[in-house]
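Reading through the structure tokens given below for one structure.
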Amino acid sequence: MSTRTAVSLLQHVAITGTATIYLAPDKTKQNLSCSQISALPNQTRPQVPIFSPRALARPIGRCRGGGLGMAPIRVLTALDHARTQYYHFKAIIIAGMGLFTDSYDLFCIVPVMKIIGRVYYPSPAGDGRPGVTPPAVVSATVGVALLGAVVGNLLFGALGDRVGRRRVYGPCLLLLVCSSVGSGFSICRTRRCVLSSLCFFRFILGVGVGGDYPLSATIMSEFANKRTRGAFIAAVFSMQGFGILASSGVTMVVAAAFDRFAGHPDPLDTPEAADLAWRVILMAGAVPAGLTFYWRMAMPETARFTALVQRDVLKATSDMGCVLTDLDLNAMYEGEDAAAMPRTPAPFGYAPAAQYGLFSRGFLREHGRNLFGCAATWFLLDIPYYSSTLFQSQIYRPWFPPASHQNVFQEAYNVARFQAIIAVASTIPGYFAAVLLIDRTGRRRLQMAGFFLMAAFLFALAGPYDHYWRGNAKNAWYIVLYALTFFSANLGPNTTTFILPAELFPARFRSTCHGISAAAGKVGALVGSVGFLWASQSRDRGDVQAGYEPGIGMMYALIILGAISLLGLVVTYFFTPETMRRSLEENESERDQNQDGDGGMCFQELTLTPKSPGSLVSSHVSTSPIHPHRFSV
């Protein structure tokens, strides 16, 4: 667009009196820059008074390099400095229920597969061993849920930025509830039909779980103040620990009740009631999530999405005033009214806005490094974190009777009890430590420390594994080292990888980038929980578990997992910035004020002159990452 065209359009819009839009040509295409517009001759440059848009933006102020940029929006500044109050804790519970359901379904599937193996895969008569679910079926059941999570991460992450966090938050939870109930029903009672329907509903469950990751993290980050934002997001994520504890508790209660109801059957006798028990366990996960559905639908849209993406500051201020009690709305409105008085720009009112598209050159130049760091560290974390179940059975097996000496309900009860012990002893304390330290130590240092400790404990398990740990699984230090791997992960990278993508990216890309990072993590989880499960099998065929093929052995698998943790430390050191106590807008303002990306013209709405007190005339600027430059007046 030429200088004459740009000025002509601006003059035309100014004359109409409906809206004023300042255009910032892309410097890479040799269009007008901020300084070039300011340098236009007086007879060419229109002298247009600047009005603060009572509903859209703040007055113009100087930005780095002498350019002119947007001053902070008052409601966002107020959110950054708001005191901690009741609504913050309510938001933690509401946002955390999806992650609660995620961990509930992830960990309850282990005892559930024990029950399914006895019900649908009985051993031949006279074999003297109970039925066992084939490893391929277990891998498929776990894998489809993780694949669904990848789809949900990407789908709901993109929708959260395109149509709003709140509008897709309720449907995402509804998907979790319906799929949890569907997993329990599983339509029929024949083996093939049950497993097919179970895998189908677990895929849908994975989509809901995956969608909840970017939405919950983004919503909590945009509601929180910058002083305790990390602790609030970590508290949301810590609901996973309580989900593990709840799944263990429900499984133990259901197993004990059915065992008593069935009259304590013999170890090799699987009563028909067992086919109902696992269904009850799966469906119970829908209850806590369903109870918070109303409050999710009643939540307002986040102020940052409303103000920065939808560009409606008045509505953002009003919404936050309804839930946060210490916002002085009258002062904000008075400030907007005062700012709406005409003022003379010096010499010309102009504010650049970085409206590049997702994965454009401008995006990759400004945020590609951060996106790689978030996705890579999450991927590297989930490989060892999810594969920690590789040697879980070898830890609890010596402490409980063999499967041939306990009935179906007792076996499920003992597996759930072991999971509850690990959750109370290491998982939940790790989350609590992260909540306490995240805003004191910082995300980057905590993530590096967590990766380092994970590697140290995995190497401690791997080194003497074949020569000592294999035959001394009852050694207390063996259990301590295993528990410390969980504690280190939850203290560091398992929590920080959830927090960082919600803080590093602009509002219009925040949910999408978090979804991309989480999807990379779920791919790593798939590698860890399925790939390493098979690879860790003994090289000696005689020691391989039934249904598996020989692998590289547990010792070498643990060494590789430790090396992956060290690689996560290296990637964190080179690619992860610190975000502690910084406003969410600081990253965007520091990086984007002086650049417009790589595509066409950029538009920033600066003034709106309302025709009447009850209506505002606004310009409609597309914030779509796909068509960022489409506009209408």
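Cβ from N, Cα, C; glycine included.
Bear in mind that the values here come from a model prediction, so they are computed numbers and not experimental data.
Noted in TrEMBL for the protein shown:
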DOMAIN    91-580  domain 'Major facilitator superfamily (MFS) profile'
TRANSMEM  91-116  transmembrane segment
TRANSMEM  136-156  transmembrane segment
TRANSMEM  232-256  transmembrane segment
TRANSMEM  276-295  transmembrane segment
TRANSMEM  370-387  transmembrane segment
TRANSMEM  418-438  transmembrane segment
TRANSMEM  445-465  transmembrane segment
TRANSMEM  477-500  transmembrane segment
TRANSMEM  512-534  transmembrane segment
TRANSMEM  554-575  transmembrane segment
COMPBIAS  582-594  compositional bias 'Basic and acidic residues'
REGION    582-633  region 'Disordered'
COMPBIAS  606-625  compositional bias 'Polar residues'
Task = Determine which residues of the chain contact the transmembrane segment (512-534) at the Cβ level, with the cut-off under 8 Å and only residues 6 or more beyond its ends counted.
result = 135, 139, 142-143, 146-147, 149-150, 153-158, 160-161, 210, 213-214, 217-218, 358, 367, 371, 374-376, 378-387, 389-390, 497-498, 500-502, 504-505, 548-549, 551, 557, 560-561, 625
Task = Express the predicted model's confidence over the domain 'Major facilitator superfamily (MFS) profile' (91-580) as a mean pLDDT, rounded to an integer.
result = 87
Message = Pairs 6 or more apart in sequence, C-beta under 8 angstroms, 3 or more of them: is that satisfied by the transmembrane segment (232-256) and the transmembrane segment (370-387)?
response = no
